[in-house]
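Accompanying notes for the structure given below.
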């Protein structure tokens, strides 16, 4: 079992999430929420479908994540000026402050996660993961736009 990629990937995901929550416990933000805030800080004004493609989560999950962040005042949704049927999302000033305050804790989680690897192996590991995601992107429940 320890040689199976699926098992190892699932286990690494569990470890990464545990480290993220341990390091970022003071902020009550999940990794998916942090990813969404990061996306909105870099690309403001995206609609829900575009956010799904950027972050790689399904519409139902995205709707829940957006609702929770909006309730906390970290994200604001409003009708699109170009298409009234769509709502666009933007990170708020409070959301930006939260991301700034969280950055060191989030980096600590990443450093601890990759800590057992040498700097060269870390870079190689990330490149290999990107190659696997890119080569298999079409098989995910949602396709990441970055790799299309």
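Any Cβ shown, glycine's included, is placed from N, Cα and C.
Nobody curates TrEMBL annotations by hand; they come from automatic prediction.
Taken from TrEMBL, the feature domain 'HTH marR-type' covers 1-134.
DSSP labels the residues of the domain 'HTH marR-type' (1-134) in these numbers: 93 helix, 12 strand, 29 coil. Mean pLDDT, taken over the domain 'HTH marR-type' (1-134), works out to 95 on the 0 to 100 scale.
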